[in-house]
Amino acid sequence: MSVAVLRAMGLQLLVRPAAAASSSSARPSLQLPAPAAGPSRPRRPGFPTLRAAAAAAAIAAEPSLQETKAQQNSIMETEVFACPVCYEPLMRKGPPGINLPAIYRSGFKCSKCNKSFTSKDIFLDLTVTAGTKEYSEQKPARTELFRSPLVSFLYERGWRQNFNRSGFPGLDEEFQMAQDYFQPVACGILLDVSCGSGLFTRKFAKSGTYSAVIALDFSENMLRQCYEFIKQDDTLLNANLALVRADISRLPFASCSVDAIHAGAAIHCWPLPSNAVAEISRVLRPGGVFVGTTFLSSPRNNPFSVEALRPLRQIVGPVNTSYNYFTERELEDLCKSCGLVNYSSNVQRSFIMFSGQKPY
């Protein structure tokens, strides 16, 4: 064997142990933290600093994003209320939110006719005559009856409980029946028209089903009585719940702005039911649901309920100051004529709960 070959073999034997030692020492180093300083890695210590700075910048940016969302929500909430004269969305000055404290401290103004609206009382007055000083008008006797302080006080203290004699199943069952109809519009805005003392308003608000509940009545004293019950519950005082005075035939809401409308034992009291249901259809969003209850027409409460005598109602009606009672077919016809679809009803003796939906 030549000297050159021996030298080559010797070099290989020397290189292999060195390489093995080098690889074995390199493996543990992967599991160790990088050295604090070194000429080959001068920028590594800066990476955590950059990440911290980025995180701090993101945190600093969060409040502005939240403020933007709050402003968007405020705009959406304000646009629900509209001028009863021209139906333009109201401009709002004050804290945002559909709740009693925020609305009480807010002022509203129509962007088109400049009519102003305030809540000097515990409710927001959005009637056409709001703010008038000399003008006054009388509604039909059945409407004026519920503006009485005495009737407003007695309504929840015995008056409403007598409805069970006509087949009304009771507040809890009626509430659950209405909730079943409103399932498709859960999480939306609910309007409780002709709310009276707020029997169902409070149930809807405490259910947590809706983003906001607006109690509406023409009677100032009914709304005051409603507030008397609400203020006894701190959860309701801070809930997304508002009290509004308005005319059912001139609803102060933007078109297609409300998801659900409830009218408990109300339509028989309305001066012009057709105008009222037309307004309900206007303010409902596509897919929105209307649920109402009333007394069905019968010989006991309406002498013209008999088919043969019904034409006489057109003659006697103008001088009759009693309530409006309808048959089931009349209620269905009214809802359909105002553009509502998917009519359905539940009848128990003289009680009827009926529902219609705004088409998509």
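Every residue, even glycine, has its Cβ placed from backbone N, Cα and C.
Annotated range for region 'Disordered' in TrEMBL, selecting from 26-46, 131-151: 26-46. In terms of DSSP secondary structure, the domain 'Methyltransferase type 11' (191-291) contains 38 helix, 31 strand, 32 coil.
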